[in-house]
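Trainee: Mind looking over this structure? Questions follow.
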Amino acid sequence: MSDVTTAEFNEEGKYLRKVKSFVLREGRLTKGQAQALEENWPTMGLEYSPEPLDFAKVFGREADTVVEIGFGMGASLVEMAKAAPELNFIGIEVHKPGVGACLGSAAEAGVTNLRVYHHDAVEVLDHCIPNGSLARLQLFFPDPWHKKRHHKRRIVQAEFAERVRSCLKIGGVLHMATDWENYSEHMLEIMNQAPGYKNQSADGTVVPRPDYRPLTKFEARGQRLGHGVWDLMFERVE
Ligand SMILES: C[S@@+](CC[C@H](N)C(=O)[O-])C[C@H]1O[C@@H](n2cnc3c(N)ncnc32)[C@H](O)[C@@H]1O
């Protein structure tokens, strides 16, 4: 398994410090996660290298492909992959215990249409996902970076919207969900200004949770406590 971060240098060889959407606090892997990685990384893991991925070769078939950024422990991603065997799924996560947990659940569920990167999604989108190749890109409950001075760390920015647009097919959808109202407003503001997208919401704001997105445990608890969840879906039109 490769390292999560890749150093970036400019033409003069000067190190460029990039603002990341995550801070790596690598907790120890549990025994189960370590074992799941060892057993399943060879079949489900995608080694990062800065070149376009050949989906047909990786999955052994032609099918619509869905990418999920920041799948956490992967429970809902595995559930979605199991429920939609006709689709290819690629998960991207920087947190190694999460990658281990996801591979463990995928193996247990007998899922064969899922592959996983342990890397920064921004770099994977920039270098590995071919232009115009995705049916959907999912970003569920990204780190909200509550404090104003940290908002620059939020992954959803104008640059991100443009990066995602080039990965999506025409008609492909960027689906985001958040439980932090201020982040949903930020997402809407960015996406309203992003060229080439159409909001799938009838009133130009949010959409009801589509059936394919499973309700997470965390979300169900939040709902019981009266917390909100906002789903936003934008289609690539140009
Ligand atoms: C708040 S958690 C949500 C996890 C999961 N989607 C859920 O709903 O339970 C956000 C996740 O995004 C991951 N993450 C943040 N920035 C990332 C990036 N640039 N590339 C890959 N994963 C990232 C974090 O490691 C974390 O696991």
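Every residue number used here counts from 1 along the chain in the order it is shown.
Glycine is no exception: its Cβ is also placed from the backbone N, Cα and C atoms.
So TrEMBL says this about it:
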- E68, E93, D120, D143: S-adenosyl-L-methionine binding site (BINDING)
- K147, D179, T216, K217, F218, E219: substrate binding site (BINDING)
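Relative to the rest of the structure, where do these features sit?
Mentor: In the three-state DSSP scheme, E93 (S-adenosyl-L-methionine binding site) falls into the coil class.
Secondary structure from DSSP puts K147 (substrate binding site) in coil. All chains included, 8 other C-beta atoms sit within 10 angstroms of the C-beta of K147 (substrate binding site).
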Trainee: Given E68 (S-adenosyl-L-methionine binding site) and T216 (substrate binding site), what distance in Å do their CA atoms have, once rounded to a whole number?
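Mentor: Each residue's Cα considered, E68 (S-adenosyl-L-methionine binding site) and T216 (substrate binding site) end up 15 Å apart.
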Trainee: Those binding-site residues, D120, K147, E219: which ones have a Cβ sitting under 6 Å from ligand 1?
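Mentor: D120, by Cβ distance under 6 Å.
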Trainee: Including all protein chains shown, what's the count of other C-beta atoms within 10 A of the C-beta of E219 (substrate binding site)?
Mentor: 19
Trainee: Within 8 Å of the centroid of the Cβ atoms of E68, E93, D120, D143, which other residues of that chain place their own Cβ, given that this set defines the recorded S-adenosyl-L-methionine site?
Mentor: S21, F22, I69, G70, F71, I92, V94, H95, A121, P142, I155
Trainee: Cα distance, E219 (substrate binding site) to D143 (S-adenosyl-L-methionine binding site), nearest Å?
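Mentor: On Cα coordinates alone, these residues lie 15 Å apart.
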